[in-house]
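Undergrad: So TrEMBL lists these for the protein:
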COMPBIAS  17-106  compositional bias 'Low complexity'
DISULFID  127-165  disulfide bond
DOMAIN    112-279  domain 'Lysosome-associated membrane glycoprotein 2-like luminal'
REGION    17-113  region 'Disordered'
TRANSMEM  303-325  transmembrane segment
C-alpha cells in the first residue's frame, strides 16, 4: 500500500492595503485512497503502478478590487458677492398745504346817480326838471393855429340850476358851473315852448326845447396853449326833447346836438339817459305822467336793420336760385344740340 503525497499549494494574495481585507477559504478535498490488489500471478509481476494523486491546485480568485469611484470633485462656485446697495433714502417732502383763498366777490360799484336839475316856481313847486349825463366837445385854436378839441364832463355836482317858468307859453332853465382852472362861470340855457296845438278835442299839445345856448370862455388855463382868450356863444334852434304836456321825454340812447356860432364854431353836446319835463307843477315828484321815448329807444328802431338784412338775404337767395335754374336750362339745351 502506498500513500500518495498530496502537496497542497496555497496561493494567498494579499489585497492592497487600500482594499478591505478579503478572507480566503481554502477547501482541500482528499479522494478516498484507492488500493488495488495485484492478482497472485506467479509468472508476471505487474508493474508497480504508482498512481500519484492529482495535485489539487486551489485557485484563489481574488475578489475584484472594489472600484473606488472618486466622488466627482465638487466645484464649489462661490456665490457672487451680493452687493447690497442701500436703497436711496426717500426724502419725503411734505406737500405744502394749499391754502384756498376764496376770491373776493367783486361787487360792481353802483353807477353814479344821474344828475338831476330842477327849476321851481314862486310857490316852490317843481316846474322844470332835467336829468341827464352830459358832455361837451369844444374846438379851439392853439398858438400854432391848429384846431384842437377839448372834452368837458358835466357830471359834476357843482352845477346850479335857476330859471323862469312864470310864462304860460314859454319857460327856461339856466345851468351854471365853473370848469376846473377856469376864472369865469359857464352857462347853458334851455328855452322851452309849447309847439303844437291839440289836433283833436281832448288831446294835449306838445312842448319841447326850442332854443339851447352855451356861453363859455376860452382861456389858456382851461384850453392848453390856446392862441387867445375869448368869449364864445353857440346855440341850436329847433324842437328838441318833445313830449305832450303832462308827460316827459325820455331817451337812454346817446344823442348829439350841434351848437353853432356865427364864426362857424361847432360844439357837440352829448346827452345820455336824459329825461326832460316842463310846463307842470309838482310838490315832490320830478317827473309826472308817462315817458315818451326817443326813436332810438323804440323797439321798432332795432327791428329796422334786422328787417333790412333779412330782405337783402332773401333777394340774394332768389337771385341765386334764378341763376341756377337758368344754368341748368342752358346746359340741357347744349346737350340736346
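Just so it is clear, glycine is given a Cβ too, placed from its N, Cα and C backbone atoms.
Nobody curates TrEMBL annotations by hand; they come from automatic prediction.
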Undergrad: Check residue 165 (disulfide bond) against DSSP and tell me helix, strand or coil, would you?
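TA: Its secondary structure by DSSP: coil.
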Undergrad: Taking the Cβ of residue 165 (disulfide bond) as centre, how many other Cβ atoms lie within 10 Å?
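TA: A count of 22.
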Undergrad: Write out the long-range same-chain contacts of residue 127 (disulfide bond), meaning residues 6 or more apart in sequence whose Cβ is under 8 Å from its Cβ.
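TA: Residue 127 (disulfide bond) has long-range Cβ partners 119, 120, 121, 165, 171, 278, 279, 280, 281.
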Undergrad: Provide the three-state secondary structure of residue 127 (disulfide bond) computed with DSSP.
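TA: Looking at the DSSP assignment, residue 127 (disulfide bond) belongs to a strand.
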